[in-house]
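Asks: I am attaching a structure below and will ask some questions about it afterwards.
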Amino acid sequence: MSLTSFAPAKVNLYLHVTGKRSDGYHLLDSLAVFPAVGDKVTVSEAASLSLSLSGPFGAALEGEADNLLLQAARSLAQDSGAALALEKNLPVASGIGGGSADAAACLRALCKLWGVQGADLPALALHLGADVPVCLRSIPARMQGIGEVLAPAPRLPEFGMVLVNPGVAVPTPSVFKARRGGFTPAPMLPAIWPNAAAMASALKRCTNDLQAAAITIQPVIGEVLATLSTLPGVLLARMSGSGATCFALFATPAEAEAAAAQIPQESWWRWGGGLYQPPQTGL
Ligand code: C5P
């Protein structure tokens, strides 16, 4: 038997650093959404655990000592076998949760393949990374704590999103270390945003507190944001997570798709569309 689970990208519409824990992890308040672009994780029955890589960014993970997918599999069942296949469509170390989404998709698929019951998936997920719990369900969510305290997002209107990555990997710990300034309080969010313009104007009052630090490490992020800000119909342009991927919001997915095609920098990875709708099967 073989099962495939989609691992959509995670985008932080805002990201406030609200405090710091004694172990060095930062307390956050963030609104995470999941665009309809991502990796694919296929799990198949096999006697031992293995991982194969494909897709445009698969080569970037070759030679990695212990991929998060293998760690996810072992955390679910120490000695069970499975052939894991990762189609890597998202740029790596890029602030849109690729590795976290892959780990979450792997946990979902292996639970089904192995018939695991009663596992504490959110706890296993958190152990793999602060962004993995929110990726388990891949539906819009407010993240607090270090990312593991999840609450429903406001009801979101239809909107479109462009993602751009300029091809530089940014290590998350360096960005947190380079961050200057104090803490930003959590914003008040409404229960519902009636349309994309209202959502964007509320989000403009929020920030990504890691953006300035990431630009000092990789100034090209500033160029990406400048390019996104000039696209026709753009409502908001901001960096996601610890970068370097930036996003721009539009009124509709079609507008976003058209805008993505207009970005002149050919070497930049880009995508335009709408949000991911998870299937009823739970995969
Ligand atoms: O949990 P994850 O492995 O994704 O985190 C990578 C690094 O990012 C951590 O080691 C830490 O330096 C930083 N981080 C943080 N606060 C968070 C999440 C991550 O300081 N809430």
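Cβ atoms are placed via backbone N, Cα and C, with glycine included.
Unlike curated records, TrEMBL annotations are generated automatically.
From TrEMBL, here are the annotated features:
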type: ACT_SITE; residues: Lys10; note: active site
type: ACT_SITE; residues: Asp131; note: active site
type: BINDING; residues: Pro91, Val92, Ala93, Ser94, Gly95, Ile96, Gly97, Gly98, Gly99, Ser100, Ala101; note: ATP binding site
type: DOMAIN; residues: 67-136; note: domain 'GHMP kinase N-terminal'
type: DOMAIN; residues: 205-264; note: domain 'GHMP kinase C-terminal'
Asks: Any of the recorded positions Lys10, Pro91, Ala93, Gly95, Gly99, Ala101 with a C-beta atom under 6 A from ligand 1? Give them in order, or none.
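Replies: By the Cβ criterion, which requires under 6 Å to ligand 1, there are no hits.
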Asks: Cβ within 8 angstroms of the Cβ centroid of Pro91, Val92, Ala93, Ser94, Gly95, Ile96, Gly97, Gly98, Gly99, Ser100, Ala101: which residues besides those meet this for the ATP site?
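Replies: Not counting the recorded site residues, we get Ala9, Lys10, Leu90, Gly241, Thr245.
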Asks: Could you give the Cα-Cα distance between Gly99 (ATP binding site) and Lys10 (active site), in whole Å?
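Replies: Their Cα atoms are separated by 10 Å.
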Asks: Could you break down the residues of the domain 'GHMP kinase C-terminal' (205-264) into DSSP helix, strand and coil, giving a count for each?
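Replies: Breakdown, helix to coil: 26 helix, 10 strand, 24 coil.
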Asks: I'd like to know which of the binding-site residues Gly97, Gly99 has the most other Cβ atoms within 10 Å of its Cβ.
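Replies: Its Cβ has the most other Cβ atoms within 10 Å: Gly97.
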Asks: Since the record lists Ala93, Ala101 as binding-site residues, which of them has the fewest other Cβ atoms within 10 Å of its Cβ?
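Replies: Relative to the other binding-site residues in Ala93, Ala101, Ala93 has the fewest Cβ atoms within 10 Å.
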Asks: Mind giving me a neighbour count for Pro91 (ATP binding site)? Other Cβ atoms within 10 Å of its Cβ, every protein chain shown.
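Replies: Result for Pro91 (ATP binding site): 24 other Cβ atoms within 10 Å.
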Asks: Helix, strand, coil residue numbers for the domain 'GHMP kinase N-terminal' (67-136) per DSSP?
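Replies: Helix/strand/coil tally for the domain 'GHMP kinase N-terminal' (67-136): 39 helix, 6 strand, 25 coil.
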Asks: Can you figure out which of Ala93, Gly95, Gly97, Ala101, Asp131 (the recorded positions) comes closest in space to Lys10 (active site), comparing Cα atoms?
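Replies: Spatially nearest to Lys10 (active site) by Cα position is Gly97.
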